[in-house]
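Contents: one structure, followed by commentary.
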Amino acid sequence: MQIAIALVAAYLLGSVPFAMISSKLFGLADPRTYGSGNPGATNVLRSGNKKAALVTLIGDALKGWAAVFIAQRMGFSDNVIGLVALAVFLGHLYPIFLKFKGGKGVATAAGVLIALDPMLGLAVAGTWLFMAYAFRYSSLAAVVAAAMAPVISVLMHGGNGQTVVVGILGMALIGKHWQNIQRLMAGQESKIGSKKKA
């Protein structure tokens, strides 16, 4: 029963839509109505409000980190902690509070990885930052970082249970970016910092 409660709580925490909350706090339009339509930090940045985007980024990352950190402190096994990590991530992707239409999961995945293994999380975040700086496409950076995450995990820890969780997170994140991948291939993807479209 305790495990079930932990998983439900993690999912509900993941469902908290910080993009919506920060947009309301800063008097912005619903992020689902402009840009990519994605309720995430990159799309909120398209509103031109960097503070709102930062609040969204921190909030989304923090909920992923908090769910795993609390599960660790409660003494759950590694397998259960892995399930909690997946639950909070899926909560962000398919939030009950937004009719199961959530964000892409980049910030939440980063928070999860940092809680699971700080060095792994920082390595993956570093991959994202390098790609984002070099090419100015958040989606490309996310896809490359997601693909590299399980590879980095294998190099650091071998094919253990954590690597399986990281692999599932990576595949789900890439899947959520499928339309972005198509736009990248067509040369139609918006770059980081581009303003919202009317």
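Just so you know, glycine gets a Cβ as well, placed from its N, Cα and C.
Residues or ranges marked as transmembrane segment by Swiss-Prot on the basis of sequence analysis: 1-21, 52-72, 80-100, 112-132, 139-159, 161-181.
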Non-local residues, at least 6 beyond the ends, that sit with Cβ under 8 Å of the transmembrane segment (80-100): 3, 6-8, 10-17, 20, 39, 60, 63-64, 67-68, 71-72, 108-109, 112, 115-116, 161-162, 164-165, 168-169, 172, 176
Contact check, the transmembrane segment (112-132) vs the transmembrane segment (1-21), 3+ Cβ pairs under 8 Å, seq sep 6+: no
Sequence-remote partners of the transmembrane segment (139-159) [C-beta within less than 8 Å, at least six residues beyond its ends]: 104, 106, 109, 113, 117, 119-120, 123-125, 127-132, 166-167, 169-171, 173-174, 177, 180-181, 183-184, 189
